[in-house]
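Quick notes on the structure that follows.
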Amino acid sequence: MKQPVAQPLLRRLLGKPLPRADASAQRLPSVQALPILSSDALSSVAYATEAALGVLVLAGSQALGLSLPITAAIVVLIAIVVFSYRQTIEAYPQGGGSYVVARENLGTGPSLVAAAALLVDYTLTAAVSLMAGTQALSSLLPALLPYEVPLALLLLLAVGWANLRGLREAGQAFTVPTYAFVVMVALLAVFGLHNLVFAHGFTPDAPPVIRAVEPLGLFLLLRAFSSGCSAMTGIEAIANGVSVFREPAARRAQATLLVMGVMLAAMFLVVSGLAFLYGVAPDPERTVLAQIGMRVFGAGSPMFWALQITTLLILALAANTAFAGFPRLAAMLAHDRFLPRQMGWIGDRLVFQNGIAVLLVTTALIILVCRGDTSVAVNLYALGVFLAFTLSQAGMVVRWWRLRGAGWLGRLTMNALGALTTLVVLLVIVVGKFAEGAWIVVIAIPLLVWLLARIRGRYHRVYAAISLPADAQGTVRLPDRRDPVGNCSIVWIPSLSRPSLDALRYAAKVSDQVIGVWVRSEEDDPAMIRRDWQRLVGESPGIQLHILASPFSSLVDPFVAFVASEEQLHPDVTHTIVMPMAIPRYSFDSLLLNQRGINMHRALDASGNRVFTLVRYYLPA
């Protein structure tokens with residue numbers, strides 16, 4: 001069978017289609033799921049301490065020691081959020097995180113706010129991580145400084161390609177760098193403490209004398225705390241990605257989240273503690289982590305280079321957390337009709353390829369607009385995630401209050417504490433960073449919520465218009481069936497709707513025989529399909545229904561194969577392919593409509609000379 005020109009190229013780049021039976025095989029053990037879903041959170045220790053010190057230094061060198069109590073407070077907050085999300089995973093083992101929790105407990109409006117915040121945060125996570133990784137590379141090789149934007153885009157393409165190939169390939173690609181970074185931070189702690197306790201003659205450098213430019217007040221401490229909370233970005237990814245894990249998925253996800261929380265807290269304490277013990281202060285030429293590495297391992301030593309290289313890799317690969325979370329959240333929104341249905345389609349490689357493609361484009365745009373400079377985007381970074389944290393934990397408070405099962409009061413107290421704490425941090429971020437760029441996110445999230453609501457409203461109007469009328473029962477009949485059959489219409493049935501009904505009526509008028517073909521997806525119930533078909537057609541002779549199951553995610557190939565088989569079995573019969581086609585009233589509708597009809601037409605046209613009839617149905621305003 002002849003294929004469209006682009007098909008072989010895509011198969012070479014992304015690999016052969018995987019059967020749906022392999023979906024469970026594409027799920028990952030915890031040891032591979034951890035680096036995929038945690039690289040963002042774990043990589044944040046490379047800049048979280050520096051972010052807090054960058055605010056404290058405004059009050060002079062004497063304020064740098066306050067980074068330790070700030071770090072301790074953030075570690076407590078990490079523990080609260082981690083245990084909160086463990087409860088979320090237990091309550092919602094299908095995944096979804098803040099969006100699902102808010103939808104089930106707070107209502108549609110708050111759930112859309114949580115979803116919009118997470119979509120924005122995932123996109124910024126990918127962009128900031130890739131730009132930071134590129135800047136780390138150009139710091140090692142200054143000759144690459146003019147090429148930071150192209151390098152960031154190349155890294156973006158590499159991460160996107162790995163995810164489009166499927167979860168197993170992504171897990172294999174990202175496992176080693178993530179664990180290598182964890183090992184290097186652990187060695188940094190061991191060597192750093194050994195130098196301080198056992199190394200004779202070793203004296204850490206005294207912290208530099210820095211004059212204060214701002215008074216040390218409560219607001220500055222809150223700003224430093226909120227900046228250090230960048231260590232918490234990415235924690236939600238495991239709750240969103242429960243379906244990535246092998247069964248029992250919920251139990252594995254809970255255990256992995258706990259391990260990630262312990263690793264994140266320990267690494268954050270190591271970096272902040274060594275920064276204090278070694279008298280490290282923010283330096284525009286070297287990161288805080290690099291300064292610690294130079295003083296512990298020695299500048300130019302193999303261990304220092306290993307630390308820098310693993311830092312570069314995990315910063316670049318942290319974007320993968322967004323590529324794991326964004327498409328799955330978009331698929332949930334598409335299932336609820338807040339995004340185009342295409343965002344929920346599973347591609348040939350058993351991934352949400354349209355969600356990955358959208359994230360690729362939006363991340364590339366941010367990199368181009370920011371010109372590869374993380375300082376432009378980093379001020380927008382944490383607002384979305386803390387808004388999602390707050391809504392998620394508030395939703396869990398409502399859930400415990402409503403159910404009041406065993407141990408509900410302790411769980412409610414923990415979630416209430418988490419909601420209050422993250423709300424305070426959120427307000428501090430909005431106030432402290434509003435003029436530095438946070439206003440963009442403050443405006444973008446309501447606009448995105450409005451867009452999601454508008455998409456849902458348009459879907460409702462379209463479905464109301466194309467739903468079968470109440471008097472449709474028994475309305476499809478052949479006028480008088482002739483034998484032998486000389487003319488057969490094969491009608492593609494994407495769903496039993498007004499467009500499909502019009503196509504069946506047309507085929508019954510012009511043909512001796514009508515074959516309706518429904519290629520069902522995993523969500524379709526064959527018994528319900530046959531019951532609805534019986535209501536329309538009854539026992540009308542000459543009108544058949546064939547329900548095809550596809551072993552792959554594509555619904556196009558089984559229909560094309562069925563048409564070819566009918567043509568071979570009945571070469572003396574003229575076959576006409578009748579396809580219902582909903583015609584959009586507005587250009588906006590084109591993004592919402594199912595585009596499989598166009599793909600079906602192209603595939604049939606490319607595989608042979610055939611007669612087509614398109615039965616158009618114009619959508620109302």
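Placed from the backbone N, Cα and C atoms, the Cβ positions cover glycine too.
Just so you know, TrEMBL annotations are computer predictions that nobody has curated.
Tertiary neighbourhood of the transmembrane segment (63-85): same-chain residues 48-49, 52-53, 56-57, 97, 207, 212, 216, 220-221, 224-225, 228-229, 231-232, 235-236, 238-239, 257-258, 260-261, 264-265, 268-269, 272-273, 275-276, 281, 389, 392-393, 396, 414-415, 417-418, 421-422, 425, selected by CB-CB distance under 8 Å and a gap of 6+ residues from either end. Per TrEMBL, the feature transmembrane segment maps to 63-85 (among others).
Sequence-distant neighbours of the transmembrane segment (112-132) (same chain, 6+ residues past either end, Cβ-Cβ under 8 Å): 40, 43, 46-47, 97-99, 101-102, 148, 152, 155-156, 159, 233-234, 236, 240, 315-319, 321-323, 325-326, 329-330, 333, 338, 359, 362-363, 366-367, 370, 372-374, 377-378, 380-381, 383-385, 387-388, 391-392, 441, 444-446, 448-449, 452-453. If you look up TrEMBL, you'll see 112-132 (among others) marked as transmembrane segment.
According to TrEMBL, the transmembrane segment annotation covers 144-164 (among others).
Residues annotated as transmembrane segment in TrEMBL: 176-198 (among others). Remote same-chain residues near the transmembrane segment (176-198) are listed as 34-35, 38-39, 42-43, 45, 204, 263, 267, 270-271, 274, 277-278, 292-293, 296-297, 303, 306-307, 310-311, 313-314, 317 (criterion: CB distance under 8 Å, separation of at least six residues from the stretch ends).
For 218-245 (among others), the entry in TrEMBL reads transmembrane segment. Outside the transmembrane segment (218-245), and at least 6 residues removed from its termini, the chain residues within Cβ reach (under 8 Å) are 27-30, 33, 36-42, 44-45, 47-49, 51-56, 58-59, 63, 66-67, 70-71, 73-74, 77-78, 81-82, 85, 88-89, 92-98, 118, 121, 125, 167, 252-253, 256-257, 260-261, 264, 268, 318, 321, 324-325, 328-329, 378, 381-382, 385-386, 388-389, 392, 424-425, 428-429, 432-433.
According to TrEMBL, the transmembrane segment annotation covers 257-281 (among others).
As annotated by TrEMBL, transmembrane segment applies to 304-329 (among others).
Here TrEMBL flags 350-369 (among others) as transmembrane segment.
According to TrEMBL, the transmembrane segment annotation covers 381-400 (among others).
The transmembrane segment annotation in TrEMBL covers 412-431 (among others). For the transmembrane segment (412-431), the residues of the chain that approach it from at least six positions outside its boundaries are 77, 80-81, 83-84, 87, 222-223, 225-226, 229, 382-383, 386-387, 389-390, 393-394, 396-397, 400-401, 438, 442, judged by C-beta separation under 8 angstroms.
Using a Cβ-Cβ cut-off under 8 Å and counting only residues 6 or more beyond its ends in the same chain, the transmembrane segment (437-453) has close neighbours at 109, 112-113, 115-117, 119-120, 333, 338-339, 376-377, 379-380, 383-384, 387, 429-430. The transmembrane segment feature in TrEMBL is assigned to 437-453 (among others).
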